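First the structure, in the form of structure tokens, and then the observations on it.
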Amino acid sequence: MDPNHKKILIKNRVALIDLDVNEEFIGNLKANGVLSRNMVEDIEVEQRRSRKAGVFLDILERRGENAFDEFYEALIKTEQGHLADILKPDMAASRKSEQLARIAGNKSALPQSNSTGRHFQSSTVQSMNGQHIHYPSEDFNVRSSIPVEDEELPSEWPPKNWDPYKEIEQMKVMGHPSDWPTKVHDRFVGNSKECYAMKGRKGRAVIINNQNFDDTSTLTNRSGSEQDAEILSKLFTKLGYDDMQKYLNNEAKQDYHNYCCSFVCAILSHGGEGNTIYGVDGDTMSVKDITLIFNNQNCEYLSGKPKIFIIQACQGNTKDTGALDRSDSSNNILESLSLDTTDGSISPLKGGCESSHGRYYVPDGEDSVDGSYPGLDRCDSVPTDSDILVANSTTEGKTSWRVGGRGSWFIQAVVYVFAKMAHNTDISKLFVKVNGLVSSATTKTNFKQASKVENTLRKDLYLYPGIGESYC
């Protein structure tokens with residue numbers, strides 16, 4: 001390889017480590033003789049994307065004089081033009097012009113929006129994986145912020161034959177930050193006062209699945225909860241979080257959080273009155289006490305950063321029979337999957353709550369004068385209980401529905417909405433959509449459920465699917 005080309009690779013290695021060494025990319029370079037079969041095996045044995053890219057770049061530096069140009073062409077062919085521009089910046093303008101011309105030529109073939117609102121032309125950027133994202137703007141050459149899409153939600157929940165794993169795999173992800181509209185990039189890196197910065201490590205997603213309970217607790221096991229835990233793990237891994245399982249008190253003390261932008265905790269269990277959660281030993285802990293562990297005062301490393309709690313558990317024994325919807329002239333109650341017994345027979349157990357296949361499961365001061373506090377600079381401080389969002393699967397005193405072998409209405413709704421809309425919608429609006437899906441479900445005996453979200457977030461929170469630690 002030409003020494004000048006090798007210098008370009010070395011100088012820009014940090015940026016090039018974002019390279020997606022996918023099957024198509026490897027196929028192009030193998031066909032042109034840049035990579036041998038043994039070299040491909042050395043690359044593919046690596047599991048992490050960044051490691052694959054690192055091994056490839058090490059190999060590339062040792063290849064022949066045509067390797068650099070073939071690498072450049074392979075990047076363009078696999079829609080990684082932003083990296084190709086790093087190799088040949090003088091060609092960037094012409095490459096982008098060709099891309100825009102190609103997109104304009106194929107404009108009629110672009111997917112049509114399901115939105116019933118205003119129509120836009122679509123500006124296409126490369127996505128790192130999953131589906132391509134089309135950034136709407138009234139002028140193709142004018143960059144604007146990404147609007148919230150009115151993604152059409154299914155009329156039946158959960159939909160028949162819906163596969164949550166496939167939904168996660170096809171999650172809509174962001175393109176490379178260099179292709180984003182300026183406003184979107186500013187909010188990502190923290191230049192917007194209205195949004196939480198998410199550049200760097202996103203953080204940990206702690207998932208606690210209390211499924212099998214001690215015999216001494218009198219609590220029955222929670223069939224189907226393993227499905228909720230698995231799809232949540234896959235969802236937040238796909239969103240760029242590190243999936244961890246730790247005891248909460250120890251988790252709050254980890255200095256790892258000092259280097260992260262946010263924190264997610266999902267708890268799947270039986271619950272009871274007062275928004276309490278049962279442990280596998282039958283002891284309870286309130287959601288309020290759980291969030292207390294992670295507030296801005298008790299968890300210093302997450303102070304000022306968004307902390308998300310997702311709770312799948314009942315809050316009592318009352319089954320919601322619903323009410324007439326006066327906003328809908330049809331007033332039809334949607335019939336979903338077979339989530340309850342056909343005869344409606346229910347045998348309550350002690351403190352019963354979460355239901356599956358018709359079996360009733362055991363549950364899941366004074367105002368200050370000036371607002372000042374000694375020792376704190378009010379300009380740099382945040383309220384003790386701010387930056388927290390708690391999403392509950394149901395409301396006070398009500399049951400929460402779960403399907404044995406499939407999981408709960410609520411967690412399935414979280415997966416569906418986040419996979420389809422997290423690329424351009426802030427988390428508060430995502431959970432409003434989740435509420436809509438959950439409320440549309442009905443058991444065969446016409447019981448309903450309403451999920452509930454409470455938060456003290458000070459800013460909008462976007463999750464940027466497809467953008468991981470490699471962009472720092």
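Backbone N, Cα and C define each Cβ position, glycine as well.
Sequence annotations record features per position, and here TrEMBL assigns active site to His270, Cys314. Under the heading domain 'CARD', TrEMBL lists 1-90. Per TrEMBL, the feature domain 'Caspase family p20' maps to 201-318. Residues or ranges marked as domain 'Caspase family p10' by TrEMBL: 378-465.
Cβ neighbour count for His270 (active site) (all protein chains, 10 Å cutoff from its Cβ): 31. In the predicted model, the domain 'CARD' (1-90) has a mean pLDDT of 89.
Spacing of Cys314 (active site) relative to His270 (active site) is 6 Å (Cα to Cα, whole number).
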